[in-house]
Every structure is written in C-alpha cells, then in structure tokens.
Amino acid sequence: MIVRTQNSESKIKEFFEFCKENEVEFVDFRFSDIKGTWNHIAYSFGALTHGMLKEGIPFDASCFKGWQGIEHSDMILTPDLVRYFIDPFSADVSVVVFCDVYDVYKNQPYEKCPRSIAKKALQHLKDSGLGDVAYFGAENEFFIFDSIKIKDASNSQYYEVDSEEGEWNRDRSFENGVNFGHRPGKQGGYMPVPPTDTMMDIRTEIVKVLNQVGLETFVVHHEVAQAQGEVGVKFGDLVEAADNVQKLKYVVKMVAHLNGKTATFMPKPLYGDNGSGMHTHVSVWKNNENLFSGETYKGLSEFALHFLGGVLRHARGLAAFTNASTNSYKRLIPGYEAPSILTYSANNRSASVRIPYGISKNSARFEFRFPDSSSNPYLAFAAILMAGMDGVKNKIDPGEAMDINLFKLTLDEIREKGIKQMPHTLRRSLEEMLADKQYLKESQVFSEEFIQAYQSLKFNAEVFPWESKPHPFEFITTYSC
C-alpha cells in the first residue's frame with residue numbers, strides 16, 4: 001500500500017542548499033520508537049553524502065524495546081526531506097530531519113515504525129475513497145516544576161516534585177527569606193495573571209521558540225492545576241500533527257531545562273489536582289470540503305456521526321494507544337475535568353467527545369478529550385482515524401448526545417443509561433484492544449506483529465512492574481494489619 005520514502009533529486013539539492021545557506025555544521029536525524037521517545041543520530045555536515053539522503057542511514061534497531069532482536073538488528077533511517085528545521089538549542093548550527101524506519105530484511109517500511117504506521121493510516125484513508133486527508137490538532141497540557149526527586153529501590157519507593165506555585169509551600173521559608181504568598185491553590189490555576197502565574201515568561205519563551213521551528217501557536221495560558229500550562233499549535237494532516245507534537249514536547253522540555261526548571265507531559269503528577277491531557281481535534285476532508293459539516297446535530301454530517309460512532313465503539317481498546325501509561329488512568333476519574341464517560345455533546349467538557357462551536361462549515365470537527373501525552377502521537381492519531389473509518393464504513397450510530405453535566409452522574413445512573421466508560425487501568429485497555437483489533441489491521445496499517453510487540457512491551461515494561469511493586473499508600477492502609 002505504501003512504498004519506501006524516496007527523496008527526489010530536487011529535494012536533495014534543495015536540502016544541501018538550505019544547509020549551505022544556513023551554515024549548518026551538523027545534521028541530526030530523528031525518529032520515534034514504539035513508546036514515542038524521540039531518538040537521534042547526528043553527522044557532521046561535511047560527512048553527509050548524497051547516498052545517505054537517497055538510501056538512508058543504517059542503525060542498530062535491537063537497542064530499542066519492542067523492535068528487533070540482536071540477530072536481525074540492522075535497520076535504515078530514511079530522511080523525510082519535507083520535514084526539517086534548525087535546532088534552536090544546539091550550540092552549533094544543527095538541522096533536525098524527521099525520519100522513518102525502513103526494514104532491510106523485508107525491503108519495505110518497517111511495520112513497527114510509528115511514523116510509517118501514521119503514513120499508512122493516511123494512505124488507507126485515500127485508498128478507501130472516503131477522504132483525501134484527515135486533519136488533527138493537539139492541545140498538549142504540561143507541568144513545569146522547580147525540581148523532582150524519584151527513588152525506585154526494593155526497600156523504598158517515592159517521588160517528590162516541587163514548585164513555587166504549590167500550595168504545600170505556603171509556609172515555606174525560601175532562601176531569600178521571602179514567601180510572596182501568591183498561589184493558585186488546587187484546581188485554581190486557570191488563567192490567573194502574575195504574580196500568581198509564575199510561568200508566564202517561560203510560556204512566552206516557549207511560543208517564540210515554537211515559532212522559530214515553524215509551529216504556529218494560537219493559544220497559551222496557565223492551566224487549572226498548580227504549575228500547569230498549555231500551548232496550542234495549528235492543526236495539520238495526521239503525520240504533520242504528530243510531528244508537531246514531537247517538536248512541541250522537545251521545545252517545552254528544553255526551554256524549561258534552560259530556565260532551571262523541569263517540564264513533564266505526565267498525565268497525573270499531582271494528587272488532588274487536575275491532570276494533563278492531549279485534547280485532539282479531528283476532521284476529514286475530500287475535494288477541499290469538510291466532510292464533517294452537515295445538517296444533523298450541531299451542524300454535523302451523517303459521515304461525521306458515523307465516524308464518531310466508530311471511535312466510541314472502539315474507545316475502550318483505542319485507549320491502549322491514546323492513554324498509553326499506567327498513570328493515564330489516574331487522570332480519567334470524575335472531578336478533575338477529565339472525561340471518562342464515552343458519549344458526546346456540544347460545548348460540554350464533561351463528555352469524552354466535544355463538538356466545539358464553529359463559525360463556519362470548515363470548522364466542523366470533534367474534540368476527543370480523553371487522550372493524553374503519554375501516548376505516541378503517531379499511533380494515537382492513526383488508531384483514532386482507523387476507528388472513525390470503521391464507523392463510516394459500517395454506519396455505526398453514536399447514540400444520542402448527552403447535554404448534561406456527566407460528572408454529576410452516579411455509577412448507578414451510568415449503568416441504568418447503559419453508558420460505557422473508559423477502562424480504569426492500562427491492563428484493561430490492552431485487553432480490550434487485543435479483543436477488538438480487526439479495524440486496526442485493515443490494509444495492514446497496524447500489523448499483527450506490531451500489535452503483539454506493542455502489547456508485550458506495555459505489559460512487561462509498565463503493567464507487570466506496576467502491579468508487582470509495593471506502593472507507599474499501601475503502607476498507610478495495610479502496614480498495621
């Protein structure tokens with residue numbers, strides 16, 4: 001369905017000219033592993049050859065969990081010369097190039113390469129005739145802390161994060177002897193001005209750097225939790241949007257680091273306060289027309305509602321990709337503006353799917369509110385598209401919208417209404433995914449080999465260790481038994 005990325009002679013020439021014009025000293029080839037970690041290998045510009053840009057760069061794939069065994073470790077990084085930018089943090093002039101992974105044994109794009117999977121999902125949409133392009137836009141929330149301490153030993157398990165904004169510092173004597181006292185408090189941080197908002201200058205610096213690397217931002221503000229922020233960037237096609245998430249996370253972490261802070265996109269680092277999500281806006285277009293625009297509920301089309309029906313039907317297994325950590329499910333609980341009930345509504349932030357207000361047909365879209373940034377964006381976006389396409393093909397009814405505050409529903413009321421909820425654990429979401437995976441495998445977008453590698457990695461690296469480790473809270477509840 002998809003062939004190896006081959007950079008044209010004109011693209012290669014254009015890239016070399018770009019490097020010379022910008023006096024580039026290093027070329028930094030970057031790729032994403034299964035978990036979503038951004039990895040890189042750099043070459044001096046003087047060592048760069050035409051063949052490397054045409055045929056790729058060899059690397060050892062056995063060093064990345066879930067990929068190759070050491071007996072078949074050779075893979076190729078294929079540079080994508082439509083996506084590159086000057087690294088604003090490098091001491092020397094370095095250009096970052098997005099790469100796909102190519103399988104030298106099967107002579108095809110590597111089926112465990114997340115970026116290749118995202119490309120296959122977009123191509124599957126085109127080949128199906130349902131649409132030409134799927135647009136995604138992510139709103140990534142994050143925390144910026146002053147420091148963090150972590151210990152993971154057989155006799156001791158703990159973490160400690162700190163922030164000047166933290167309510168726990170109300171009685172603290174700082175080094176200069178002054179405690180200014182302006183703090184947002186738990187769930188009190190939505191859009192206050194300084195001095196309560198201590199991170200304004202860091203966020204504006206983040207925006208400036210994002211603009212430097214080609215990301216157009218449209219909103220920046222303090223979020224609800226203490227030490228929490230959000231920067232929204234413009235939408236793009238599925239692959240571009242996932243690339244943008246990787247760029248955004250890199251910039252946020254680096255700007256915080258250079259300001260003596262530490263940034264995290266972890267979904268739930270603070271108990272008793274709001275967590276961080278990755279609200280994901282989606283629309284599908286064909287012949288330059290928004291297929292989600294129509295005459296049904298809130299200006300949506302039948303196509304859009306069927307797309308939504310597919311996502312809601314598959315959401316419990318979809319969560320294995322959109323909410324990909326054990327920590328994700330500590331965010332998806334009532335009371336912290338994180339949706340756990342699988343329904344939809346217009347302008348209702350308690351629903352797992354929101355239909356935002358739009359002033360034109362072009363703005364018709366869904367906002368999926370359950371994903372978070374512990375996910376690999378290439379996999380999360382691809383899985384959402386595959387679920388939606390399944391809904392369109394099979395005309396899946398999403399049910400009635402629920403224009404009420406869903407956070408106020410009791411468990412009995414949820415059961416009486418027959419409403420599904422998100423899984424409560426990563427284990428459960430993985431089990432749901434394994435029981436409901438056929439839609440992912442259409443056109444081999446997600447291969448069986450990849451699905452098995454993914455679930456094995458998640459169980460062994462996250463689920464099993466989490467289930468086997470004593471937790472500090474258990475010592476409070478159980479030590480004196």
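Keep in mind that glycine also has a Cβ here, set from the backbone N, Cα and C atoms.
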According to Swiss-Prot, which candidate in GLU111, GLU139, GLU141 joins HIS279, GLU367 at the Mg(2+) 1 site: GLU139
Of GLU223, GLU230, HIS281, ARG349, i.e. the binding-site residues, those within 10 Å of GLU139 (Mg(2+) 1 binding site) when Cα atoms are compared: GLU230, HIS281
GLU139, HIS279, GLU367 excluded, remaining Cβ within 8 Å of their centroid (Mg(2+) 1): GLY137, ALA138, GLY277, MET278, THR280, HIS281, ARG354, PHE368, ARG369
Mean of the pLDDT scores, which run from 0 to 100, over the domain 'GS catalytic' (114-481): 93
Chain-internal residues, separated by at least six, CB under 8 A from VAL282 (ATP binding site): ALA134, TYR135, PHE136, ARG365, PHE366, PHE368, ILE384, LEU385, GLY388
Cβ packing number for ARG354 (ATP binding site), 10 Å threshold: 21
